[in-house]
Every structure is written in C-alpha cells, then in structure tokens.
Amino acid sequence: MNKINLKNFYLNLVIILVVFIFDRTTKLYILKLAEVETSVDIYITPFLNLFLIWNKGIAFGLFSIDGSVIYNSITILIGLIIIAIIFMMLKNDNIQRYFFALIAGGAFGNFYDRIVYTAVPDFIDLHFYGFHWFVFNVADIFITIGVFCLILVELFFNNKKTNEKN
C-alpha cells in the first residue's frame, strides 16, 4: 500500500470505529435504562419516543423468525455482506469509500448485537399523527445515510462521467 492508500485505509477504519462506538454507546444506554425500568418507552417530543424492542429479523424486522437454522443462515449471510462491503470500500478510490465505511460501521454494530444478544435492540420511534415509522437504532441511521449517499453519487456524479465519455 502506498502512503495515500494507507491514509485512506486508516481514515476508513476511524469512520467504522466511530460509528460502531457511537452505536454501542446509545444501545448500552438504552439497555441500562431497561435494567431499571420494566419497559423503556420515553417521550422525547411529539414525534419522537425511545421505545426498546428486540429485532430478531433483518432491516425493519423483516424475516423475524425463531428458527435457529434460518436465524444462523441470515447471520452468516449478513457477515458475508459485511465482508463484501469492506472489499468494495478498500477497492474504491473516491468519496464512495467513506459511504461504504458508514455502512460497514453500522453493519458491524448490528452484527455484534446479533452475535451477542441474538437480536438487535431498536429504540428510536419516529411518529407523526398516529403513523409510526419502523423502530430503528443509530447503526440503521448510518447504514441509511451511507446507502443514500451512494445512490446520490451514482445518480448525479457517475452518470455525468458516463455522459462525458460519450
């Protein structure tokens, strides 16, 4: 690795660690509250509550099942996806590598929970006039931001490069 690639590698590693640590800190705080309270349902604003649920599925509780074979298969698949994301991050030489680092940091946070707790603690409850969005966590926020930014880069910047070549 040359100096620039090594610097980028360390910067990506820092991004992943910061996201992971921030996610773990928020989850540990909520879990500490759950030890004291019988249930965690904290009113913050008219549109935001902290409400702890345990997600055994994947994003937004999809495929939430109790079968250990299916659960283990999904967990292994998620681990392989994380490896693929890190590979894409390392192979990228542009701004996209930082978005892959955001996704990897969030994915590591949720993967850690799946391994340690066999479920992911979700606790951010956004709602508006009775409509509740899926309950999620900080890792999900960083994954979403990373994916959204990758889509924007692909739509607006990579598309321009393709048009300029033609």
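Cβ atoms here come from the backbone N, Cα and C positions, even for glycine.
Features as listed in Swiss-Prot:
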type     : residues : note
ACT_SITE : Asp122   : active site
ACT_SITE : Asp140   : active site
TRANSMEM : 11-31    : transmembrane segment
TRANSMEM : 42-62    : transmembrane segment
TRANSMEM : 69-89    : transmembrane segment
TRANSMEM : 99-119   : transmembrane segment
TRANSMEM : 133-153  : transmembrane segment
Out of 11-31, 69-89, 133-153, which stretch has the largest tally of CB pairs under 8 angstroms to the transmembrane segment (99-119)?
133-153
Can you work out which residues elsewhere in the same chain, 6+ from the ends of the transmembrane segment (11-31), have a Cβ less than 8 Å from its Cβ atoms?
40, 50, 52, 89-90, 97-98, 100-102, 104-106, 108-110, 112-113, 121, 123, 137-139, 142
Around the Cβ of Asp122 (active site), how many other Cβ atoms lie within 10 Å? Please give the count over every shown protein chain.
24
Count the other Cβ atoms sitting within 10 Å of the Cβ of Asp140 (active site), across every protein chain shown.
22
Euclidean distance between Cα atoms of Asp122 (active site) and Asp140 (active site), Å:
9
What three-state secondary structure does DSSP assign to Asp122 (active site)?
strand
